[in-house]
Amino acid sequence: VMAASKPVEAPGGGGTAGLSRWQLALVLGAPILLGAGAIYVWGRRAARREKGASERKTPEGRASPGPGGNGGSGQPDGPGHEEMSPLGRAQAAKNKGNKYFKAGKYELAIQCYTEAISLCPPEKNLDLSTFYQNRAAAYEQLQKWTEVAQDCTKAVELNPKYVKALFRRAKAHEKLDNKKECLEDVTAVCILEAFQNQQSMLLADKVLKLLGKEKAKEKYKNREPLMPSPQFIKSYFSSFTDDIISQPLLKGEKSDEDKDKEGEASEVKENSGYLRAKQYMEEENYDKIISESTKEIEAKGKYIAEALLLRATFYLLIGNASAAKPDLDQVISMEDANVKLRANALIKRGSMYMQQQQPGLSTQDFNMAADIDPQNADVYHHRGQLKILLDQIEEAVEDFDECIRLRPNSALAQAQKCFALYRQAYTGSNALTVQAAMKGFEDVIKKFPKCAEGYALYAQALTDQQQFGKADEMYDKCIDLEPDNATTYVHKGLLQLQWKQDLDKGLELISKAIEIDNKCDFAYETMGTIEVQRGNLDKAIEMFNKAINLAKSEMEMAHLYSLCDAAYAQTEVAKKYGLKPPTL
């Protein structure tokens with residue numbers, strides 16, 4: 001499917017951005033959506049790529065150096081101890097605890113910290129919170145996670161923005177498998193530390209991914225299959241040229257001009273579920289295709305292989321990969337079926353495997369497709385996209401070259417080859433090859449002025465190069481050529497944010513995308529991301545939930561749940577601690 005109109009798709013797979021979740025950087029010029037921890041969108045701007053502070057294993061406060069020393073309270077242990085103030089005695093007990101802690105005698109350290117807690121005057125909030133936090137650190141060494149969480153809670157009640165206690169409690173919640181509570185604590189820590197500590201960012205990322213996976217697994221299993229918009233379906237089929245099932249009905253398959261033959265042809269259609277399905281496809285009546293294909297399959301009709309492939313394709317499009325797989329398996333194993341059908345089934349199964357994060361199986365299917373149908377340009381086009389996602393750029397370029405050799409007028413393959421070469425030059429930071437790749441784009445749009453994909457991919461490269469004005473012009477050309485392509489409006493909207501920090505214009509363009517295609521999950525996701533940046537967390541959560549209901553793969557849904565959970569955690573933190581992240 002068009003790689004620029006959406007983040008590069010499962011080549012021939014059924015998900016809009018399923019694959020792109022792995023390497024959104026591949027096609028999204030806007031860093032607003034990238035990177036580990038990118039889920040905290042606003043954190044990306046604040047966080048500098050520096051090494052996080054190393055984890056603190058020691059308790060707080062110095063230990064006095066021992067009898068006769070001048071550390072701690074400035075007074076030696078022993079006689080005179082009773083004359084100290086209650087706080088002084090508590091500090092002395094803590095200092096003793098610290099010595100035991102450093103010596104690895106955690107049980108004894110806990111006894112001392114417990115004594116410090118009981119001696120400390122209740123109004124001394126900060127001291128008391130330190131004693132609880134120190135005891136939590138000792139419990140942590142003994143892996144007593146419930147006690148760690150309880151003591152950290154006491155410390156945070158006494159000192160609500162106590163980062164060390166919040167982070168220690170987050171880690172305890174992780175061990176106790178309290179993901180929601182862990183996320184809330186680590187979110188507060190990230191905001192309090194202004195996203196400077198890699199450790200808290202990594203824990204946030206980890207727990208968000210786990211929560212996302214868990215929720216998506218449950219939701220995806222019970223989701224209602226959803227037919228994508230007609231624009232999406234047409235765009236999907238346009239990425240195949242050697243695909244029998246998406247070609248219009250052949251002369252002999254439909255009513256001929258010749259009146260004598262008309263009756264005979266319509267009778268065939270009457271009896272053939274597959275031919276009726278094809279007719280519905282031309283009429284864009286997509287909801288009837290699976291049931292008509294099933295009739296052909298059950299009747300063991302003449303077009304059984306075609307019907308299996310068509311049914312599998314629509315199962316993929318509605319996001320039902322487990323129903324698609326047996327149909328694809330059957331077509332692939334039909335030795336006597338048209339080789340084009342088998343190769344197309346292999347491309348689709350390979351794309352499905354890639355979406356399920358099984359690149360080994362995916363590569364096997366694409367290689368088998370190339371073996372059985374070496375002249376099929378679709379195989380090389382889609383395998384080239386797969387290779388980009390696997391970061392195997394040289395192999396991707398070879399595949400695009402082969403596709404171009406077989407189909408010299410393939411504007412799509414030429415544009416994607418340019419993009420592959422550009423990514424290679426950009427990641428290698430080679431100014432000369434970047435320049436050459438940019439010139440390649442100019443050549444493609446000159447040679448194929450009607451190919452929207454060429455302009456869209458060029459626009460993404462221009463955005464990377466901070467040439468925002470020219471990128472904007474390229475998106476306008478895309479819109480002129482394909483006014484009903486919703487995702488181009490989303491990309492143009494994102495560009496307004498990067499270029500002019502113009503949130504209103506960005507949102508206006510993304511709203512336009514939704515007006516064109518109200519099933520465009522990419523638009524809802526992007527709108528949610530922008531609302532997070534504006535500090536409208538409730539609105540963001542609403543947008544992410546809309547995207548979740550439209551997600552076409554479990555992997556994509558997991559990513560969206562992560563975004564939604566991050567926004568929800570921020571609302572909770574804002575309520576609890578009065579902390580708000582910086583907004584645009």
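Using the three backbone atoms N, Cα and C, a Cβ is placed for every residue, glycine included.
The transmembrane segment annotation in TrEMBL covers 22-42.
The compositional bias 'Basic and acidic residues' annotation in TrEMBL covers 50-60.
The feature region 'Disordered' is assigned by TrEMBL to 50-86.
The compositional bias 'Gly residues' feature in TrEMBL is assigned to 66-77.
Taken through DSSP, the repeat 'TPR' (90-123) splits into 27 helix, 0 strand, 7 coil. Per TrEMBL, repeat 'TPR' is recorded for 90-123 (among others).
Residues annotated as repeat 'TPR' in TrEMBL: 343-376 (among others). In the predicted structure, the repeat 'TPR' (343-376) carries a mean pLDDT of 95.
Under the heading repeat 'TPR', TrEMBL lists 377-410 (among others).
For the repeat 'TPR' (452-485), the number of residues in each DSSP class (helix H, G, I; strand E, B; coil) is 27 helix, 0 strand, 7 coil. According to TrEMBL, the feature repeat 'TPR' maps to 452-485 (among others).
Taken from TrEMBL, the feature repeat 'TPR' covers 521-554 (among others). Break the repeat 'TPR' (521-554) down by DSSP state and the numbers are 29 helix, 0 strand, 5 coil.
Under DSSP, the residues of the repeat 'TPR' (343-376) split into helix, strand and coil as follows: 27 helix, 0 strand, 7 coil.
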